[in-house]
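Some features that TrEMBL has for this protein:
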- GLY92, GLY93, GLN94, LEU95, ARG114: substrate binding site (BINDING)
- ASP115: Mg(2+) binding site (BINDING)
Amino acid sequence: MPNHTSGHAPGIADFATADLCDDNAMLLEDGRLAVLPPVLRHFGKRIRFAGRVVTLKVFEDNALVRAMLETPGDGQVLVVDGGGSLRRALVGGQLALLAQDNGWAGVVVDGCVRDTVEIDSCDIGIRALAAHPQRSARKGAGERNVRVQIAGVPVNPGDWLYADADGILVAQQRLA
């Protein structure tokens, strides 16, 4: 059963993305707040999570994803631009457990995950396009801390991401 409790950076109060949209209409209008299209599926126990964004840009190669999730997350959200690939999984059960154990608030993947039964047993929020059984390459190709796109929405390192049952928001600043 999904966990509706919060998993997010210290100091962020419980939130609802619908309320954040209502309370920050000017930020939506001027582009400092964006709503991701509703194309990402939910995995893991956490429905609601938020935190400062760390980015990766990879394509069918999860070596950098593993390397990042091996570091302390400190309540951050890892946003992985996987180029929208539906041919290989970038996150599986082992990486979800690693993210949980290292204090990441969540992981958002413009690509696929696998080992969904294992992921769903982890106390972490993960959003991805789909599940796919094939693992990724492990060559280490990709970029860290660069501007990425998730479902066509630009996301920058240091942005803030808020996810719940209603959707995902990306803000250039921390929202109250």
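Here the Cβ of each residue, glycine as well, is placed from N, Cα and C on the backbone.
Shown here: features listed in TrEMBL, placed on the structure.
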residue	record	contacts (Cβ under 8 Å, 6+ apart)
GLY92	substrate binding site	VAL113, ARG114, ASP115, GLU118, ILE119, ARG135
GLY93	substrate binding site	ARG114, ASP115, VAL117, GLU118, ILE119, CYS122
GLN94	substrate binding site	ASP115, GLU118
LEU95	substrate binding site	ASN62, VAL65, ARG66, LEU69, VAL107
Students should find that the Cβ of ASP115 (Mg(2+) binding site) has, within 10 Å, a number of other Cβ atoms equal to 21
LEU95 (substrate binding site) falls, by DSSP collapsed to helix, strand or coil, into helix
Apart from the site residues GLY92, GLY93, GLN94, LEU95, ARG114, the 8 Å Cβ neighbourhood of the substrate centroid comprises ALA89, VAL91, ALA96, LEU97, VAL113, ASP115, GLU118, ILE119
Around the Cβ of ARG114 (substrate binding site), other Cβ atoms within 10 Å, all chains included, total 21
Between the two most distant Cα atoms of the substrate-binding residues GLY92, GLY93, GLN94, LEU95, ARG114, the distance in Å is 10
